[in-house]
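Asker: Below you will find the structure I want to go over with you.
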């Protein structure tokens, strides 16, 4: 993305009102002393620089219209996680018992922080790498942490699109490829599996297909195993498609979102009417909406509800900031923020109705309970794929479902890739590269690194990155964002920021600008950002650390036709620790550098003051002081100017 135009004041700015005789009119008429002229010139240039820098942003860096902005926000927020991660937490934490804390966290944590990030982007008018530095320089390292975290997430998240491509191409046959591994006309299962029922065999075949055809799973994380060239072709296809959608920045992605955001909802509606009419759907919906009240007393349920809000709204990843930075700085984003937050959570609940209806159908066929069905990423590529096999016209439903997953994944990648591309322009001489070339270089680099996912341990690397790359850094990034905005930059300053006369305003903006309303409006956000949000985040962060310490994270391996959990090896935890440290390290580094520089400046000023106050005896025994103060110099300079 091209950098914003910089304002270069004309040499005639200050003299435009002067006549040929040297006299001046207007403001310049009152300027007589050089110091007054300098002060007036400084103020004029400062005001003009601020307004011109923001208002002269190139048109190709602005949204074509407000609809593109809202659709891009929805596309980024609504992703594959809305289908499997939200459903997984519901399944794990008692269905309705998870919905209640989730909705509470949405109002007290999600919407306030989401609105804050949109407001930050709108005010800063720049990407996440420099946004926090522009608002609070001492916390400029937050931008570095965001970009490093995004690099890891873009790297592994694109594999969900690649896996979906693999399943999509495997769906163009009847039955789909994962239903013809052990079940069907080519039944070649080991003798131990011949006694399986048809339904159980299909479940077994979906699991077998995922580990032996899609990932070619090796024995553990350390073993590379075989190279899957079919999966690598899908990886290439996913990166090519992502590049085509983002190579011109928001000028291309802003148009693509009309299809990539709206079409998944068409597929969801079609799947909804099919899923709720399946036998056993009521059992799944009962598990989703009827709460297990005992779960409400479990702190982990509340912790995971807060965690899901962070993941669902994409907080702490800078994408909300960069999307809002392309708005006019006078735009009111509170309405858009609340609308997108409700759409995002509503989509999660709507998608979970489909998922639990199909899981209830599958549980009835197998003769088990919904809570015993496999969860996590396997919820999509194993359990859901198995359920699709047992539906009439299974290839049709499979094609629609995996096209939907591809589009959901692409939407979430658009703004993430754009954030990285814009951050890359801080590299010396990189700003000479056009946006398509810079995007191509970044996508090619990710493509080359993604070759590791095509090996047998690629699925295990995916699990490690999913568990560690954004878990801790996201909380710390948002925590420092809210501390910097609320405690340093100022809530009132952020909310009342305006350029010029404010431009066109809508009814909501005019209502909030009333003095009687604005006072309470600012007070509400001061309470939420200064006290409520930081307190909840500290509790969630500490609680997550305690849980991870008591129950160390494990990963799923596949051996002897079974998948089970094993602990990470020692070097795996070292690698995970390196990932976590690298994502949060820029924050303390920049903080220390800023304080060190300030400490050195204070020390220098102290030494200079001591020198200036040190008396020196001359030959006539008269006291003189080393140096002359700036104020004395300025007065003497002004006297000299007046005399001349």
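Glycine too: its Cβ is placed from the backbone N, Cα and C atoms.
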Asker: Per TrEMBL, which of 256-276, 277-297, 298-318, 613-633 is transmembrane segment?
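Answerer: It is 256-276 that TrEMBL describes as transmembrane segment.
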Asker: Looking at 135-157, 181-203, 204-226, which stretch does TrEMBL describe as transmembrane segment?
Answerer: 135-157
Asker: Among 28-49, 468-489, where does TrEMBL put the label transmembrane segment?
Answerer: 468-489
Asker: According to TrEMBL, which listed range is transmembrane segment: 67-84, 319-336?
Answerer: 67-84
Asker: Cβ under 8 Å to the transmembrane segment (67-84), counting only same-chain residues 6 or more beyond its ends: which ones?
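Answerer: Contacts with the transmembrane segment (67-84): 160, 250, 253-255, 257-258, 260-262, 264, 311-314, 319-320, 323-324, 326-327, 336, 339-341, 343-344, 347-348, 351, 355, 376-377, 379-380, 405, 408-409, 411-412, 414-416.
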Asker: Is the transmembrane segment (227-244) close to the transmembrane segment (468-489), in the sense of at least 3 CB pairs under 8 angstroms with a sequence gap of 6 or more?
Answerer: no
Asker: To see if you understand the setup: which same-chain residues, six or more apart in sequence, place their Cβ under 8 Å from that of residue 78 (Na(+) binding site)?
Answerer: 261, 264, 343, 344, 347, 408, 411, 412
Asker: Return the stretch with the most CB pairs under 8 A relative to the transmembrane segment (135-157), choosing among 227-244, 256-276, 338-361, 399-425.
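Answerer: It is 399-425, which has the most Cβ pairs under 8 Å.
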Asker: For the transmembrane segment (227-244), find every same-chain residue at least 6 residues outside the stretch whose CB is under 8 Å from a CB in it, and list them.
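Answerer: Here the qualifying positions are 158-159, 161-163, 165-166, 169, 214-216, 252, 406, 410, 413, 417, 439-440, 443-444, 446-447, 450-451, 453-456, 458.
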